[in-house]
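Annotated features in TrEMBL:
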type	residues	note
COMPBIAS	324-334	compositional bias 'Basic and acidic residues'
COMPBIAS	367-384	compositional bias 'Polar residues'
DOMAIN	111-303	domain 'ABC transmembrane type-1'
REGION	320-342	region 'Disordered'
REGION	367-390	region 'Disordered'
TRANSMEM	35-59	transmembrane segment
TRANSMEM	113-138	transmembrane segment
TRANSMEM	150-171	transmembrane segment
TRANSMEM	177-196	transmembrane segment
TRANSMEM	227-247	transmembrane segment
TRANSMEM	284-303	transmembrane segment
Amino acid sequence: MSEALVASQAVGTDISVPAVSGARQFWRRLRAQRAALVAAAVVALLVLVALAAPLLTAIEGQDPFTYHPSLIDSARGGVPTGSFGGITGDHWLGIEPQTGRDLFARLAYGARVSLGVALGATVVQVFVGVVIGVAAGLGSRWVDQLLSRVTDIIVAMPLMIMSLALLAIVPDSFPRPLLVALVIGLIAWGNVAKIVRAQTLTLKELDYVAAARLSGWGTWRIARRELLPGLAAPVITYSALLFPMNISAEAALSFLGVGVKPPTPSWGQMLTAADVWYQAAPQYLLLPAGALFVTVLSLTVLGDGVRTALDPRAASRLRVGTGRKREAKADAKSGRSTVDPSVNAVKTADAGVNDVKSASAGVNTIKSTDASVNNVKSTGANGSTKEDPA
């Protein structure tokens, strides 16, 4: 029995502390990272703009496909008339050179395409990677070696070159956003599979997995019921980092002309069209480039924050107690006690431990005294037997 337990029994104190749910712990750790919170707010705003693109463009009174040739200065090569790229009350961010299409509408609808393609590619990567990784981790030795070699080949493939080759041979009649998501997802799942395989090899050695196997559960039932909950944290963490990479990949493919095709708006496609207008109409280049930069940066920072919040070792270095410090200051102003009851319980338990130790020391002292008395008696007895009868 431990000293803390002895002390708690000695002083009659319950030192148990209520457990905090995993979701609350995750939220507290994420909330302690201000950069991640700002990034989450930016991402939420971008998602809201993407989802509400039809409503926002209806409020503006524009759409991403209508040409406005009357707003173009043909004498200057198609530059928008007016100042700041044609920004007016009817066109909030100006218009596209040479075509006159509304830039805000194209950016909003382009966000839908870019975020949708990135989400689809991430789902494909995670699904294929989890299936291959779990199969390699739970399968026999030759299955593990075969799938590991296939995964190594996938990881070694250059994403852009393979995507260019595959997208170039598929007919344009196939829905392009869906095709781009499938190509990116089916080429870049290797790292997910490696992470899942390594985690599966660790989890399958645990006692509860061995107990499930002894109970007669099949491999896929064990994977579904016992392994997948343990794989959730690393998979979610890596997925949060994959998302901005997939946005960049879609933009690069559209920029190279093999991604999303016109007239469907895409940020990468807008960058391609703006390449020749960076001097005459710089806002046409800066707007999609800025949107892409802010989105990728925010998603990267948010992904890093999610990784830290899900990793107890990294989260232990965070200032999770910031909110408690504010509460302590408020309590100090109002005169209330700011000491955590669990701290009092631990201190009481420590005092009980000291009392137990002191009592043990007293018992040892008494035993030593009894031993001394016995020694004296023994000495006296020996002296009486050796006494001269004369």
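Any Cβ shown, glycine's included, is placed from N, Cα and C.
Keep in mind that TrEMBL annotations are predicted by a computer and have not been checked by a curator.
Contact between the transmembrane segment (227-247) and the transmembrane segment (35-59) does not hold: fewer than three of their C-beta pairs are under 8 Å, each pair 6 or more apart in sequence. Tallying C-beta pairs under 8 angstroms between the transmembrane segment (113-138) and each of 35-59, 150-171, 177-196, 284-303 places 177-196 first. The list of residues near the transmembrane segment (284-303) in space but at least 6 beyond its ends in sequence, with Cβ under 8 angstroms from a Cβ of it, reads 35-36, 38-40, 42-43, 46, 85, 93-94, 96-97, 103, 107, 110-111, 114-115, 237, 240-241, 243-244, 247-248, 251, 267-268, 270-271, 273-275, 277-278.
Here the transmembrane segment (150-171) has Cβ contacts under 8 Å with residues 132, 136, 179-180, 183-184, 187-191, 193-194, 197, 249, 252-253, 256, 258-259 of the same chain, all six or more residues outside its ends.
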